[in-house]
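Asker: There's a structure below that I have some questions on.
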Amino acid sequence: MAKAAGYGPVPFEDEMQKSFRPPLPPPDFSGREDGQLLMLYRKKNKRLASLDAFRGLCIFLMMLVDYGGHVFPTIAHSAWNGIHLADFVMPFFLFIVGVSIALVYKKAPNRVEATRKALLKSVKLFLVGILLQEQRISIGYIVGAICEIWLSIRRKGDVGIIKSYYWHWIAALAIVAVYARLSYGLYVPDWQFSLPGDQHHVFTVKCSVKGDVGPACNSAGMIDRYVLGLSHLYAKPVYKNLKVCNMSSNKQVPEDAPSWCHAPFDPEGLLSSLTAAVTCIIGLQFGHVLAHIQDHKGRLENWSGFSVFFLVLGLFLVRLGFPINKPLYSISYMLITSASAGITFAALYLLVDVYGQRWLTLPLEWMGKHSLTIFMVVSSNLAVIAIQGFYWKSPENNIMNWIVSLFVQSLSMSKEVSEEGQATHHHGKDYVDPPPAPLLDFGEVKLWSFYRALIAEFIATLLFLYVTVATVIGHKNQTDPCGGVGLLGIAWAFGGMIFVLVYCTAGISGGHINPAVTFGLFLARKVSLIRAVSYMVAQCLGAICGVGLVKAIMKHPYNSLGGGANAVNAGYSTGTALGAEIIGTFVLVYTVFSATDPKRSARDSHVPVLAPLPIGFAVFMVHLATIPITGTGINPARSFGAAVIYNNDKIWDDHWVFWVGPFVGALAAAAYHQYILRAAAIKALGSFRSNPTN
């Protein structure tokens, strides 16, 4: 199982665990009692909880895609080109290895001794990797450790994130250059192979090319065949799931499939280990920021800068034609996943270590602290074996068999429903579900309709924030308690504007006007990742401009009356506010899914109801309920725009609630509608498979 999923041991033992404490300046005893200061200093000098949570998140994702990938292929490894949820797990582990190395070897007075310890640690990881069929982390570890020990320029009082570690960047560029030269410069001749137990049947793969990055004729496979031998390669590579291989339900490739579909291929091969090691070097740089920069803002700014740079560079390479490919660990894949790891780490650091909301990630922290044990238990199937060992009266009455039988029954029921639906379709089905949007669709950035939709989202969010925030400021500026629009009028302003703007822009951009709505639709595969991220950026920019107009027109009341910004109101806890935002966004996004459901539209076609009407009414109702608690966010762009223009410390302290709450609510609404009401969990088995052209 571990080999198929491409995961490896998690090398974070006591030595590294103790090093996950950021350096702190000497305590200042002025103005405090010694006892109070000691408690404060101990509280600050603690384990970096966000790194534990990140490691625990990796373990959780590993288990999710390992066991859930068979049910939901959309989260399993991409068959070849492209990227799915499972493809982020290994780079995340390698990234964390790099961060930990920067902390472990930040002081290495005896480089020879430090190298000896690093080699010993790498050998241990390699031996564990042999047992679990994964050696890539040990390779990344030793490469990162050598860079940190021998290529760092350490001068007292003169530490720079770039200039002290520029040899690391040179080493990374050199490794990438070697990878590119071997990937695109080696000639791959025709080659033959036979399957174990059938030496008389010889398959021939026609290649005679250079620079091919397909499953059949890539240089990575050729290097592994020459160095490791066919018998040491993985016999069930994930590219057998490509439609062209036509693999049957019992995981057998038919004889008439292309010859390379029968061939073994190692997704953790020699050539791809080069760029995997670069991920560790990138993680090193994030660790340097943690070790040498003391303030939260400086750390987050550096991490954000690195992440955006790698992400833009990776997307640019994809645009030039370099595919995102996990089995080859392509350069674009390495850059995009490293950027994603950096963004995830920064977000967890902001949530856990800056805002102090550890209660949200306590299960992940626990998993992160026991990551190696959990990994070995899960990857070796000890957990499944242990659970299956408990039964009632007879061995067949165990939990695992019960789960499997229950799932098989649900599959049978869904098959009957599906066949019934297909029969109905042949007799005139009155609605059609649109196909799922691709995860990355670079073709749409060439279309004017894409940019027209971005403009529509920007202008709609600008108008939405201008009218609604102006209404809030106007209400608060009233001296007569019975004058003005009141809370009811504010709720009507928000709901009415959503109705109007969704009606105006639905045919152009879909009328999202809310990052939470966009996020929910992305999870449901209604929009691509590129469109979702672009929409969110346009919405946030529009919100900033809209609130900026309000401030320009109503400057004095704006500054004195709270700026229409969202915050946790007095008398309510942060947890209450978070719950209100989650439930409120769930109502909104659930209404969006229901109002735009093609099945409902066909069934209720005789009812003259516009989709924007229930969406706007949902916004109105949620505002009535949650204005006293948070001022009602349920729209991260609305909260972000007001926070940027008002720029108050209290507003920023509570701001995370208005991103986490809406996104969690959108996630819950998308899961409820798609996987429960519309049974997409079963449909996913067929409709979300990888694109055969990948």
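For all residues, glycine too, the Cβ spot is worked out from N, Cα and C.
Small disclaimer: the values here were computed from a predicted structure and weren't measured.
In case it's useful when we look at the structure, here is the feature table from TrEMBL:
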- 47-132: domain 'Heparan-alpha-glucosaminide N-acetyltransferase catalytic' (DOMAIN)
- 48-65: transmembrane segment (TRANSMEM)
- 85-105: transmembrane segment (TRANSMEM)
- 165-187: transmembrane segment (TRANSMEM)
- 270-291: transmembrane segment (TRANSMEM)
- 303-322: transmembrane segment (TRANSMEM)
- 328-352: transmembrane segment (TRANSMEM)
- 372-392: transmembrane segment (TRANSMEM)
- 450-473: transmembrane segment (TRANSMEM)
- 485-508: transmembrane segment (TRANSMEM)
- 528-550: transmembrane segment (TRANSMEM)
- 609-629: transmembrane segment (TRANSMEM)
- 656-677: transmembrane segment (TRANSMEM)
Asker: Under 8 Å, at least 3 Cβ pairs, sequence separation 6 or more: does that hold for the transmembrane segment (485-508) versus the transmembrane segment (85-105)?
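Answerer: No, these stretches are not in contact.
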Asker: By DSSP, how many residues in the domain 'Heparan-alpha-glucosaminide N-acetyltransferase catalytic' (47-132) are helix, how many strand, and how many coil?
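Answerer: Per DSSP, the residues of the domain 'Heparan-alpha-glucosaminide N-acetyltransferase catalytic' (47-132) fall into 64 helix, 1 strand, 21 coil.
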Asker: Cβ under 8 Å to the transmembrane segment (85-105), counting only same-chain residues 6 or more beyond its ends: which ones?
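Answerer: The answer is 5-8, 10-12, 15-16, 19-20, 51, 54-55, 57-58, 61-62, 64-65, 69, 74-78, 114, 118, 136-137, 140-141, 144-145, 148-149, 276, 279-288, 290-291, 326, 333-334, 337-338, 340-342, 344-345.
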Asker: The transmembrane segment (328-352) vs the transmembrane segment (450-473): three or more C-beta pairs under 8 Å (separation of 6 or more)?
Answerer: no
Asker: Within the same chain, where does the transmembrane segment (609-629) have neighbours whose Cβ lies under 8 angstroms from its own Cβ atoms, ignoring anything closer than 6 residues to its ends? I mean 6 or more beyond.
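Answerer: For the transmembrane segment (609-629), the nonlocal Cβ contacts are 487-488, 490-492, 494-500, 502-503, 506, 511, 568-569, 572, 576-577, 580-581, 584, 587-588, 591-592, 594-596.
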Asker: Six or more residues beyond either end and a Cβ under 8 Å away: which residues meet both conditions relative to the transmembrane segment (528-550)?
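Answerer: Contacts of the transmembrane segment (528-550) (Cβ under 8 Å, skipping residues fewer than 6 from its ends): 437-442, 444-445, 450, 453-455, 457-466, 469-470, 473, 509, 512-515, 518-519, 521-522, 558, 563-564, 636-638, 640-642, 644-646.
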Asker: Within the domain 'Heparan-alpha-glucosaminide N-acetyltransferase catalytic' (47-132), what mean pLDDT does the predicted structure show?
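Answerer: Reported value for the domain 'Heparan-alpha-glucosaminide N-acetyltransferase catalytic' (47-132) is a mean pLDDT of 86.
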